[in-house]
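Encoded as structure tokens, the structure appears first; notes follow it.
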Amino acid sequence: MSEQATSSGLESRSNGLRERNLQASKSAADRDVASQSLEDKLQVEEGEADTEKKTFGRTPDGTVFTVPPTRDMVSQLLSPSEPKNISDIFVLAILGCHILLLWFLPSSFRVAAFAVIFLFWRASYNIGIGWLLHMQSNGRTLVCWAKKSNIFVNPSTGQNPHPTLYKLLKWELETKISEQYSFEEAPTEYNTWLVFRRVVDLILMCDFTSYCLFAIACGGRPTGESFIMLALRWITGMSLVLFNLWVKLDAHRVVKDFAWYWGDFFYLIDQDLTFDGVFEMAPHPMYSVGYAGYYGISLMAASYKILFISILAHAAQFAFLVLVENPHIEKTYNAPPPRKRVADTDTKPQEDENSHEGSVVSDTLSSAPVIPPLQPSSMHSLLGLHNIDLYRSTDQSVLLAQVLFFALTTLTPSTPVYQFCFVLNAALWRIWYSVGIGYILNRQSNCKMWTRHFVKYGESNHEAWRQWKGTYHLSMTMTYASFIAAAWKMYSFPQDWRYGLVLLRHILGASLIALQIWTSTSIYESLGEFGWFFGDFFFDEFPKLTYSGIYRFLNNPERVLGLAGVWGAVLITSTKSVVFLALLSHTLTLAFIQLVERPHMQKLYGQSLRRDAGLVRSLKRSLPPSLKQIHGSVDKILDDSFEFIEEFIEAARPKLAAGVQTFVKDTSALFQKYPARVTISRLEPDLAGYDLKDYSITLEGTQPSRPAQFERASDKEGERARSMPYRRGEQENLMFEYGAPIKVKWTAPLNHSKKDWVGLYMVTDNTSREVTRVSSQGRWIATNQASFDSETCEQGLISSDIVLKSSRDDGEPRDVASGEMVFSGDKLWWTQGVFEFRYHHNGKHNVMAVSRPFEICIGRFDEDDIEVDNYGLVRAAVEAALLPVVQNCFDRDPEIAPQTVEEHYGCLVDRDGKYSKRVVFAVHHMFGIEFAPEVVRADGNIRNLAWRICNAKKVLAPYSMSRSNGASTPTAAHEED
């Protein structure tokens, strides 16, 4: 179910809770109330109390309504005291059919039949409901269906063609909700949600029932199982089922029916929401720990079939979360904050962290102020396969080391000698990763040892940071590569997968490995590149703690979950050597957290450190006082033990310092388009009633810069083609700016179809002028509102069906319908080329009119037309050229597009990579310099980006063939000199 719900006016906090932004205000009316008699005050307070008991909803168009109280699904269906209607009886009848099917089916068919039935209902849940919610989130499709069919309109108005369905829905919904609800007065969004709920009830109940019946069909007792194992299996299974039941009940207590049935896809509510209980224990508890009952039932049934189908269902639920719920939650509740406004820009230009050759770029380039970033730039990240850069020495070293490990692991025999060598190698790398890296960070925290070394040789703290990231990244990858290699050497394939617990061990081991991968990914998403590489050990000017993501539930997730994979390897291999490596890894990790991370965090953040995470707080609230005292005693024992270890290490430090320093010195130098879908459309039989001469499309847009218009007339052509072509007509070629909105004006007969639409295509995509055979890929706008089952197709529609006086070529007067629409943002092509608009008939692909072809182009920056000095380009001209282009790339949205060169980009630029990719594409064609999208996000404003372009131009100037940009090939005149 939807696990997060809020309303307009709710603001997202770092700890993940969403609370209403209440602003207390005093007015004259308040003072009048204060002067009333005591009786009047009591009446006012009672009225306010009654109002506070109500929940108010708000539709996207701003309509406010009272949200009636509703009952939960199980009570509605199974409680005899609840009134039943036709939909309840229908659901109960379907459930009864499932039970009867189990009773009457032969035992040989039960397992296969109920496996298919359960998979059908699971697909209906994750794929069916998922698709409906996805369409509702992006285009409000369900509400559009309801409005288009008029099923909620009173038949007495004559607009509802389904009076019987109207009466049935009215009786159904008012029977279920008897308080504070009126079918006629409720908004369409709320009524649509109520109907959607009934569909969800059917699918969820059948999904759970078919799963339980499938477990009954597969259940049994393994041969030779002892009574102790039987009791342990059932006790554990029942515990998991009861825990699952508590999770669901507590989650419903917190989020109520509104979020349980994804109400925020339809409307929002105005009320205080506090997320506690199970939502403090685990991320997405409804989909994570909320499926523990599946594994409990699998355990009680003692069937691998149940276990495998449970894993499949759980994976499908996570896919539903990632593909449907998370995007909607991000879009609805985590709106980007307002853009930062910079008033004082009298600062020095930022230094590129990846180069320190200051002599290459003239000091005059930094004469204008550049806004520095708040922390080290992460434009060239290290982690992730997509960030691998073979031009970077760190990535080269990592890849070569991995290839070497793979070759040694696969080409050497698994003899005891080799096994010992691999285990020893893994142990040494783990010791270095925890002890060696821990010592470096400890020295860096206390005396900036790492940074001082680079400053001694004239480097900056950014260079020290860059080298540290390479060292840590190489150490981390080598540690895990050596552990995997050792585990592989100790592993042997089982001869019989059905023997004992072999298969179960592999399943649990793989699950633990997947858990560690997910934990590491969540940690990286919460901390970012800066936190992952312990950036606050190197840059302590910005001490700020945020508990978001996985840190909302755990203070140190790497303490347990972060090492789940090594214990998964223990289960899979079942060897003492891997157990030793797992114990060593876990012990050293705990010591690293206690001796390195914790002291630094206390020193840097002090009292702002959180004592207990959400999970610990929940457990403490549920523990009896005696167990709480035991918990405190255990904490004291651990603290005393680590203090003893720390004192021991401090005493031995002088003996180890010289050797470690030598080791550090000796090793310091080591290191756009989706495929088009072909659509075949037949000519509509009613096209004969329309005159194509009544259809037309005209365009208006922003003209490109002067260099773009004259690029085709240059010295590249023959002598006769070096001037602009002579044009006999009055119309000139249509050329528009890259990313600029284009206004489309259309005309059509008065009786044109309300489902007509206009699409944008490349001229070369369609060979036929009568039928469009290529998908528009979302680049289309409907000519009329409420004609399609989506609101996205209406974005950009300005007007429609305005009657114009017109005349045909023969002089005959004729009235036509006209309209206007604007294509912008995602409805444009973000590339250069020749395009056209096509007017289509009746929701099909029959073409009624085609616009004039027009060209989208990016003019190259003309360096010869600007003033230059002895040091190169003037950055002000680059800034002036970039400003309109960047504004177009950011859809001219005032929330993200800068109005001046100093103004910061909106935060949405960091969240959605499409904006920065548009900018680097334009920069590449304007200046001939290719940047990574991360550069745009890291620079943060146009002034920084212009400085970086000038920097790149100056660095690349010696390799330019232009005399103004650098040394060119010597000529005869040079040779004579």
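Including glycine, each Cβ sits where the backbone N, Cα and C put it.
Annotated in Swiss-Prot:
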- 1-88: topological domain 'Lumenal' (TOPO_DOM)
- 1-62: region 'Disordered' (REGION)
- 1-15: compositional bias 'Polar residues' (COMPBIAS)
- 28-55: compositional bias 'Basic and acidic residues' (COMPBIAS)
- 89-109: transmembrane segment (TRANSMEM)
- 113-133: transmembrane segment (TRANSMEM)
- 134-198: topological domain 'Lumenal' (TOPO_DOM)
- 199-219: transmembrane segment (TRANSMEM)
- 220-226: topological domain 'Cytoplasmic' (TOPO_DOM)
- 227-247: transmembrane segment (TRANSMEM)
- 248-280: topological domain 'Lumenal' (TOPO_DOM)
- 281-301: transmembrane segment (TRANSMEM)
- 304-324: transmembrane segment (TRANSMEM)
- 325-397: topological domain 'Lumenal' (TOPO_DOM)
- 334-366: region 'Disordered' (REGION)
- 341-356: compositional bias 'Basic and acidic residues' (COMPBIAS)
- 398-418: transmembrane segment (TRANSMEM)
- 420-440: transmembrane segment (TRANSMEM)
- 441-471: topological domain 'Lumenal' (TOPO_DOM)
- 472-488: transmembrane segment (TRANSMEM)
- 489-498: topological domain 'Cytoplasmic' (TOPO_DOM)
- 499-519: transmembrane segment (TRANSMEM)
- 520-562: topological domain 'Lumenal' (TOPO_DOM)
- 563-583: transmembrane segment (TRANSMEM)
- 584-977: topological domain 'Cytoplasmic' (TOPO_DOM)
- 703-724: region 'Disordered' (REGION)
- 712-724: compositional bias 'Basic and acidic residues' (COMPBIAS)
Would you kindly check 398-418, 499-519, 563-583 and say which stretch has the most C-beta pairs under 8 angstroms to the transmembrane segment (304-324)?
499-519
Which range out of 113-133, 199-219, 227-247, 472-488, 499-519 gives the transmembrane segment (398-418) the most CB pairs under 8 Å?
472-488
Looking only at the topological domain 'Cytoplasmic' (220-226), what is the model's average confidence as pLDDT?
81
Grab the same-chain neighbours of the transmembrane segment (199-219) for me: Cβ-Cβ under 8 Å, and only residues 6 or more beyond its ends, written as numbers and ranges.
73, 76-77, 87, 90-91, 94-95, 98-99, 101-102, 107, 110-111, 114-115, 117-118, 121-122, 124-125, 128-129, 261, 294, 297-298, 300-303, 305-306, 309, 313
Using a Cβ cut-off of under 8 Å, list the residues of the same chain at least 6 residues beyond the transmembrane segment (563-583) that approach it.
419, 423, 426-427, 430, 483-484, 486-487, 490-491, 505-506, 508-513, 515-517, 519, 589
Are there 3 or more C-beta pairs under 8 Å linking the transmembrane segment (472-488) with the transmembrane segment (420-440), counting only pairs at least 6 apart in sequence?
yes
List, by number or range, the same-chain residues at least 6 past the topological domain 'Cytoplasmic' (489-498) whose CB is under 8 A from its CB atoms?
409, 414, 418-419, 422-423, 572-573, 575, 577-578
Would you list the DSSP helix, strand and coil counts for the residues of the topological domain 'Cytoplasmic' (220-226)?
0 helix, 0 strand, 7 coil
